[in-house]
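Asker: Handing you a structure now.
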Amino acid sequence: MTSRFGHSQHPRRGRSARARAGRREGVQSNFPATQVLERSAHSLPARQRTALVMAGGTGGHIFPGLALAEALRERGWQVHWLGTPGSMEERLVPPRGFAFEPIDFSGVRGKGLKTLLALPLRLARACLQARAVVRRLQPDVVIGLGGYVTFPGGIAARLARKPLLLHEQNSVPGMANKLLSRLATRVYTAFPNVLPDAQWVGNPMRRAFTRQPRPERRLAGREGPLRLLVVGGSLGAKALNDIVPQALAWIHEQDRPIVTHQSGESQIEALRRSYAAAGVEATLTPFIEDTAAAFAEADLVLCRAGASTVTEIAAVGAAAVFVPFPHAVDDHQTTNAQYLVKVGGGWLVQQADLTAHGLAEMLQNMKRQDLLAKAQKARTMRKINATRDIVAACERLAR
């Protein structure tokens, strides 16, 4: 029997029909429909988020980018890297398991009038190539860390309305980051007061730098010759390679520091000849696998003043003599070094003032207690949460 609306007037028979229908669909009849939908939604796998990292040209841009890329991957992100063919980033990034997206663009400073005149066409082509990468990947965030490749990638990101995060490693901003900072969603810096409306977070770096024991624990009870670490970087520092062996030769053998000297692959043979000619023994290496441990082991570091080097020395808490690269753009290495030197966290010696005799005298006059004080002051300037803060911002923007 049915009502005038055509529904069954026998409730038990009606519920049985619904139950049979539910079983046919694989759904228990005693669950409300909303609960079934919620349970189905929660069982779906979460969409994998994608980040496009842009950094190139030098290790100072690339290694902070790799620290961020690895942290994002640990959080389940898929990370792609925008770079240029035949570059340092193309050599370093793919072996670490990140997809490399090449576009054709390079620097213009010091390349002559012909290169400068061709810039508009080259930039337009690079922007189109970057735009194609962004369209294909549809990244949740785009992260620029400097180098010329960042500029066309940043333009492409904003045209596609993708969140653009910038990080400037140096105390003097590079051209690409300076131009893009007005368009970016978030801007971060490794040093204070670098770009307007930027958040000072420090430099992204591997956890090994932030987990070394404090200087007073590392240096407690040390005796004997000082342990000197000379760091020339990936390309080496010819001035250090030439002067340091001569300086050590001025010091009596019993008083000489125990030296580890890193020079870069291209200069290792010349460095061996320099030490042999000076009659000085040292551990010579083209590359240091664990830089954090090497900084922690040294009583004194003699090095250039790239942004990564300065901020990593601060993170570990190590005494350092900084010799800025004199041809760095806008002399930014001098400004980088002053961040620690101005608080008593190191020494600054311009390359033009660096002599073998002067360096020998400086090393002979150094005492461990003085080096410990420098290391402690350097450590007070460390900012170690950049990776955490930038990754957290990426996750907020990707929701």
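These residue numbers are counts, starting from 1, taken along the chain as shown.
Each Cβ is built from the backbone N, Cα and C atoms, and glycine gets one as well.
According to Swiss-Prot, the protein carries these features:
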BINDING   Thr58, Gly59, Gly60, Asn170, Arg206, Ser234, Ile288, Gln333  UDP-N-acetyl-alpha-D-glucosamine binding site
COMPBIAS  7-21  compositional bias 'Basic residues'
REGION    1-31  region 'Disordered'
Asker: Counting Cβ neighbours within 10 Å across all chains shown, tell me which of the binding-site residues Gly59, Gly60 comes out on top.
Answerer: Gly60
Asker: Here the binding-site residues are Thr58, Asn170, Gln333; which one has the lowest number of other Cβ atoms no more than 10 Å from its Cβ?
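Answerer: Each of the binding-site residues Thr58, Asn170, Gln333 was scored; lowest Cβ tally within 10 Å is Thr58.
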Asker: Using a Cβ cut-off under 8 Å and a sequence separation of 6 or more, which residues in the same chain sit near Arg206 (UDP-N-acetyl-alpha-D-glucosamine binding site)?
Answerer: Ala67, Glu70, Ala292
Asker: Given a separation of at least six residues and a C-beta threshold under 8 Å, show me what packs close to Ile288 (UDP-N-acetyl-alpha-D-glucosamine binding site) in the same chain.
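Answerer: Residues satisfying the criterion: Val231, Gln262, Ala294.
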